[in-house]
């Protein structure tokens, strides 16, 4: 194939088109290429966001859209007094504050482990990555069984070590931490893979040079490995943070936000208010506030990381 | 190659446009060669129930060939609100089927928001009178009939005959001798031994409709109400002293460890619980457990004998262009033949009094318990547009009680949220 195309290019060059025409044609082509993405983004992301902003100022009830009225800041006033909103915000915060650093560290540790050149290491890479490619709903259902206080696997294992029994998902003080543990187990493999790619980019001769200078393993980690993957670390911190704030599937499947609202997160509250209670107006107000919070954190995080990586 | 990409774009465009257009033809009833085409949704209940729906609709289509043809879709319902979510989404996008199946207590909400059309004009009075009172109650909102069901339902106390005999306990066999709350507590305590708990209340079903369905009976039995008589206020009722006392009794059951919040889904069937407060829809599933020798007794009472009522019912959507034909389907699905048959297949009590006469097994134990409850003590959950909020908040309060929380503040919260929701529908 290749020689033929080359030949036709040689025989039939492009000068028949004037530079102006070509520029216009290029413009058309480039817009043509981005059009599907732009249209899809607009229809499924930007338009709903604008609509949500509008709905948050109305009393839109899901089943009676024709009776929708403008209520100004009514929904936001209610939000300010809603203790459940504060609780959900707090629950989401706990999840993010624990998951982001712990999951990143666990992923890094796993990546360092599977980065060694050993027999059968590929098996471990796959094993650690397997939960990531499993559907979150399935993982959640599975862990509901593992966490069963009476006959679950978790208590059986802890029992051997002489701990427990724990109530896990049926205890308001343990439910969130149970979800956190399971989420880290499920998600860490993904970051591990990205770390692994970064680790393999660090040239071997740096480690060799360090060895000759007499550096130990810890010094190599601090002075070569960590600086070598600094940009990846920043990327992972941001991505994990954004993913963590969107916590929904786990409480939806495992606890329905309970017991006693201890696993109710902001996104769960948006779903519950909007769909179960059909109160789209109020639900939109929560979503908008959620968006503002995530936006602020992202901006702060970016600024912080930029200062540190440059 | 370029042409291929262009073609692909065009196709994507075409599809996305089609997706946006308001496809009325697809949304609801159309005609094909003089035959009215109807769509119908039913929730995915027990497998035998689903088979019944399919079979009955096939028969309907045969009987009405050339006039009406119904296409039935079975929608998964899960333990959560998946089926309701689907109806909500369809209602806003003009995608409702002509006939839909819904859980009894949601009729009020759907009727108040104009999703359903009344069917009074199509149902004869004499026919209406044959239905159990609680079925008409649950299908009526604001004086108009919106839904008819083929099945009634109830919750009873199932017991393991062997374990009761070992403990020397005799379960009540007539409604007069039904257990009081105290007697029920005593029996549960006696039956809790070693690995076996006295009772399971199916807390594994999550914070959903089940907790309200079962929990409201405790409140009613203690002479309390979820809402006032005209269903306009929750304050003072949902959190009234009778309701608080009722949930405190439930709290006591869990506190004395006769029942657990972490029961497995089949604890009773596997002999890990001696008694079960469970729906009668579980009966067909008992066949899979050959070692289980089970009996049935009445829901325990405090001041009044009350039992839960309400089951899935059929209604006509307001988006249907053929309400008359759709009503035919509703009537077909709830006529005497359907009622008798579904009752035989699913073990659910029939929705018509005449059907009870036809099924002899309801005259003797254990099924007599169900008949006694359906015809004498059944009470429907309040038909109110605020039901989604009321149900969810009450279920949360019930769970809180089971977890040993202070009952009163939980019920106060539930009452406040319900009252706010009721405000929305006040005109």
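Going from the start of the chain as shown, residues are counted 1 onward.
Placement of Cβ uses the backbone N, Cα and C atoms for every residue, glycine included.
What TrEMBL records for A:1-19 is compositional bias 'Polar residues'.
Per TrEMBL, domain 'ABC transmembrane type-1' is recorded for A:89-301.
Residues or ranges marked as region 'Disordered' in TrEMBL: A:1-20.
Same-chain residues lying 6+ beyond the ends of the transmembrane segment (A:28-55) with a Cβ under 8 Å from its Cβ atoms: 280-281, 284, 287-288, 291. If you look up TrEMBL, you'll see A:28-55 (among others) marked as transmembrane segment.
What TrEMBL records for A:93-114 (among others) is transmembrane segment.
As annotated by TrEMBL, transmembrane segment applies to A:126-146 (among others).
Within its own chain, the transmembrane segment (A:175-199) is flanked in space by residues 91, 94-95, 98-99, 102-104, 106-108, 110-112, 114-115, 125, 128-132, 134, 136, 139-140, 143, 147, 168-169, 225, 228-229, 232, 235-236, 240, 243-244, 247, 250-251, 254-255, 258-259, 262-263, which lie at least six positions past its ends and keep a Cβ under 8 Å from the stretch. Annotated transmembrane segment per TrEMBL: A:175-199 (among others), in sequence order.
Here TrEMBL flags A:232-253 (among others) as transmembrane segment.
A Cβ distance under 8 Å defines the sequence-distant neighbours of the transmembrane segment (A:280-300), meaning residues of its chain 6+ beyond its ends; these are 49, 52-53, 55-62, 68, 71, 75-76, 78-79, 85, 89, 238, 241-242, 245, 266-267, 269-271, 273-274. Taken from TrEMBL, the feature transmembrane segment applies to A:280-300 (among others).
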Spatial neighbours of the transmembrane segment (A:232-253) not adjacent in sequence (6+ beyond its ends, CB under 8 Å) are 92, 95-96, 99-100, 103-104, 107-108, 136-137, 140-141, 144, 179, 182-183, 187, 191, 194-195, 197-198, 226, 263-268, 271, 290, 293-294, 297-298, 301-302, 305, 308-309
Spatial neighbours of the transmembrane segment (A:126-146) not adjacent in sequence (6+ beyond its ends, CB under 8 Å) are 110, 114, 152-154, 169, 178, 182, 185-190, 192-193, 249-250, 253-254
